[in-house]
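J.: Take a look at the following structure, please.
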Amino acid sequence: MLAYLPTLGVLSASLFLVFLLLRRMVRTHSATAIFWHTVLQEKMTNLVKGKSRESRILDFVLQNGVRGDAKSVVDSIDKYCREQEWAMNVGDEKGAILDKVLEEANASTVLELGTYCGYSALRMAQVLKPGARLLTIEFNPANANIAKQVFHFAGVEDKVSILEGSTEDIIPQLKKKHDVDTLDFVFLDHWKDRYVPDTKLLEECGLLRKGTVLLADNVISPGAPEFLQYVRGSSRYDCTHYPSHLEYSEVEDGLEKAVFKS
Ligand SMILES: C[S@@+](CC[C@H](N)C(=O)[O-])C[C@H]1O[C@@H](n2cnc3c(N)ncnc32)[C@H](O)[C@@H]1O
């Protein structure tokens, strides 16, 4: 037995080094972080706990947030996602940039592409001026159901409406069915391969006016290179990049603001 001790020591040290390396990569490397958080960790925890990550976020909000206080709900979601498990909300760091850019836009009609649990919509609801409205589109019925409960608990239902369905189906209905003339601000935060087609759809449907602000999340991680190429290469947009980090991590990410000129 004693003869094996050096081998066991080397093995334990190697495993420990692999663990440290993996931990570092999850913190700083985009693909590893996303694979770990959204595939391995999420699926394993769902199996053990018998409910989805989104339901666990809702439970935490109901137990720790203050009914009718949107800020307390946002803070609860951030606490859960920093301390317990990662989730794909825009997060506190990029969220502060979202708040600032939306505030500067002085928007009356806001569209969000990708609601998830309603975190970013709740942030935006707090910045909106009286009488302004936010429409947020979500095609996953389970996520839309969680977001509805989050909005009800936070007391923002008078400002925020969830439109259930895909962006490609709902955007063309915005004028006639949802009484939108033009949009003042659009937050793009759905699947990244839809950023360009949906931007073009917004243009074709006449929903953008001179000065409409598009703000796109995750343009660096997981990345939206076609979107950056499209808006930066077009004379119709004025672009500004806001460097930041992937939600609840040290991985590099950023938001892109593209202001429609005409
Ligand atoms: C990154 S999450 C949104 C996070 C949310 N904006 C936040 O910060 O709290 C992306 C969401 O977009 C939804 N989604 C993706 N593609 C979509 C599409 N084409 N139409 C509608 N919803 C979509 C997904 O189901 C998911 O809930």
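Cβ coordinates are placed from backbone N, Cα and C, and glycine is handled just like the others.
TrEMBL: automatically predicted annotations, no manual curation.
Not my notes, these are from TrEMBL:
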BINDING   VAL90, SER120, GLU138, ASP189  S-adenosyl-L-methionine binding site
BINDING   ASP189, ASP217, ASN218  Mg(2+) binding site
BINDING   LYS192, ASN218, GLU247  substrate binding site
J.: Based on a Cβ-to-ligand 1 distance below 6 Å, what subset of the binding-site residues SER120, GLU138, ASP189, LYS192, GLU247 would you report?
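T.: Only SER120, GLU138, ASP189 qualify.
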J.: Between the Cα atoms of VAL90 (S-adenosyl-L-methionine binding site) and GLU247 (substrate binding site), what distance do you get, rounded to the nearest Å?
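T.: That comes out at 6 Å between the alpha carbons.
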J.: Sequence gap of 6 or more, C-beta under 8 Å: which same-chain residues meet both conditions with respect to LYS192 (substrate binding site)?
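T.: Counting only residues 6 or more apart in sequence, the Cβ neighbours of LYS192 (substrate binding site) under 8 Å are ASN218, PRO222, GLY223, ALA224, PHE227.
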J.: Under DSSP, is ASP217 (Mg(2+) binding site) helix, strand or coil?
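T.: Assignment for ASP217 (Mg(2+) binding site) reads coil.
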J.: According to DSSP, does LYS192 (substrate binding site) fall in a helix, a strand, or coil?
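T.: Assignment for LYS192 (substrate binding site) reads helix.
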J.: Please report the Cα separation of ASP217 (Mg(2+) binding site) and ASP189 (S-adenosyl-L-methionine binding site) in Å, rounded to an integer.
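T.: It is 5 Å, counting Cα to Cα.
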J.: Cβ neighbours within 10 Å, counted over all protein chains: which one of the binding-site residues GLU138, ASP189, ASP217, GLU247 has the most?
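T.: It comes out as ASP217.
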J.: When you measure from the Cβ of SER120 (S-adenosyl-L-methionine binding site), which residues in the chain that are at least 6 apart have a Cβ under 8 Å away?
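T.: The answer is ASN89, VAL90, GLY95, LEU98, GLU112, PHE187, ASP189.
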J.: For the recorded S-adenosyl-L-methionine site, enumerate neighbouring residues of the same chain (Cβ within 8 Å of the Cβ centroid of VAL90, SER120, GLU138, ASP189, site residues themselves excluded), in sequence order.
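T.: Near the S-adenosyl-L-methionine site, beyond VAL90, SER120, GLU138, ASP189, sit ASN89, GLU112, LEU113, GLY114, THR115, TYR116, TYR119, ALA121, THR136, PHE187, HIS190, ASP217.
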J.: Could you tell me the C-alpha distance between GLU247 (substrate binding site) and GLU138 (S-adenosyl-L-methionine binding site) in angstrom, no decimals?
T.: 20
J.: Using DSSP and three states only, what is GLU138 (S-adenosyl-L-methionine binding site)?
T.: strand
J.: With every protein chain in view, how many other Cβ atoms are within 10 Å of the Cβ of ASN218 (Mg(2+) binding site)?
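T.: That number is 26.
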